[in-house]
Amino acid sequence: CAAWKTTTGTLPTVIAVFAILGNILVIWVVKFTPAFQKTIYYFIVSLAVADITVGIAMPAAIVVSLEISMIYEACLFMCCLLVAFTQASILSLLAIAIDRYLKVRLLVRYKTITTEKRIWVILAAIWLLSLLMGFVPMFGFAAESSNKNVTCKFIKVMKMEYMIYLSFFAGTLFPLILMCVLYAKIFCIIRTKLKHCSVNVTRQRVFYRHELKTAKSLVLVLFLFAVCWLPMCIINCIIHFYSKNIPKPVIYTGILLSHSNSVMNPIIYAFRIKKFREACNQILRTYILCKCDLQLLFSPLLFFLLHLLLPNVESYTVHFLEQDSGLLTCITM
């Protein structure tokens, strides 16, 4: 019906806007904050880029949700694109977990192992592997169709064997289990170190407490990722193994939940990481907020997002704009 199509088109659009703006802010904070020039934040930026690409690719998700008739190859390409970007998110999360494990397990050798060159190689490998896994159906492993035009749905162009065994079991479930094991080991190591740490060794205790807090925040990111993505994967398994007809609203809710994960990470960083929150405040005060009323300056969606990240954002004012070398610079008093 018309109301259903309006809903399936509107909600993904809202999610896309939040995902793009929120994760651009994450990249901005990391780029211009010296405190975040660390190995882990390279991977957090990679995760943010993956979430931005999911937001940019959201029109493809809308097309799939609305089941629009289109050329088979175009539908297949859009579906592959969504799978590839999701895979990049998963592998970025796995890289973050491995990095944190190495940090607490090999404290002395950590910096010699995680050099900038190696980090860039790992990032390139993450994205290359994600694209390869995502675009496997383009190389002859897609669902066959005798029609040039198809109603664009995942099950119309993707083989369920690919979605279940490669995309879910190998590409999602195995990395999730591995990450759970890594974080369990991280918590064990930190608690052991804190237990045996001398009270006088203040610096060491501060380090492990900081790592414990960071690990808790990242576990929350991982937990929300699992909550958002596993329902859709389980739905695919039910369809494949039990040949059950799942109601459209249930499928759509699963799709919407999976896409909403791209919005959550910036909010978690803002609430859980004090330095990140302070950096957001500084960027907003210095580069964005102007003398004009905030709600007039930003669209309601952006204002709502900023209010989620920074509840006291309305209190920030900037007194005037100065034209300097052709650039508008916000000056704070």
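Cβ from N, Cα, C; glycine included.
Per TrEMBL, the feature domain 'G-protein coupled receptors family 1 profile' maps to 22-269.
Distant neighbours of the transmembrane segment (14-33): 41, 44-45, 48-49, 51-52, 54-56, 58-59, 256, 259-260, 262-263, 265-267, 269, 275-276, 279-280, 283, 301-302, 305, 309; these residues of the same chain sit at least 6 beyond its ends, with a Cβ under 8 Å from one of its Cβ atoms. Annotation comment: TrEMBL describes 14-33 (among others) as transmembrane segment.
Long-range contacts of the transmembrane segment (40-64) within its own chain (CB-CB distance under 8 A, at least 6 residues past either end) are made by residues 8-9, 12-13, 15-20, 22-24, 26-27, 30, 70, 75, 78-79, 81-82, 85-86, 88-89, 92-93, 95-96, 99-100, 103, 119, 123, 126-127, 130, 152-154, 214, 255, 259, 261-263, 265-266, 269. Taken from TrEMBL, the feature transmembrane segment covers 40-64 (among others).
Summarising the annotation, TrEMBL assigns transmembrane segment to 70-98 (among others). For the transmembrane segment (70-98), the residues of the chain that approach it from at least six positions outside its boundaries are 40, 43-44, 46-47, 49-51, 53-54, 57, 60-61, 63-64, 122-123, 126-127, 129-131, 133-138, 142, 145, 147-150, 152-154, 156-158, 167, 171-172, 175-176, 178-179, 182-183, 186, 218, 221-222, 225, 229, 258, 261-262, judged by C-beta separation under 8 angstroms.
Per TrEMBL, transmembrane segment is recorded for 119-142 (among others).
Annotation source TrEMBL lists transmembrane segment at 162-184 (among others). Remote same-chain partners of the transmembrane segment (162-184), defined as residues 6 or more beyond its termini with a Cβ less than 8 Å from a stretch Cβ, comprise 83, 87, 90-91, 93-94, 97-98, 100-101, 133, 136-137, 141-142, 154, 215, 218-219, 222, 225-226, 229, 233, 236-237, 240.
Annotated transmembrane segment per TrEMBL: 218-243 (among others), in sequence order. Sequence-distant contacts of the transmembrane segment (218-243), counting only residues of its own chain at least 6 positions beyond either end whose CB sits under 8 Å from a CB of the stretch, comprise 86, 89-90, 93, 96-97, 100, 155, 160-161, 163-164, 168, 172-173, 176, 179-180, 183, 250-251, 253-255, 257-258, 260-261, 264-265, 268, 272.
Marked as transmembrane segment by TrEMBL: 249-271 (among others).
For 292-310 (among others), the entry in TrEMBL reads transmembrane segment.
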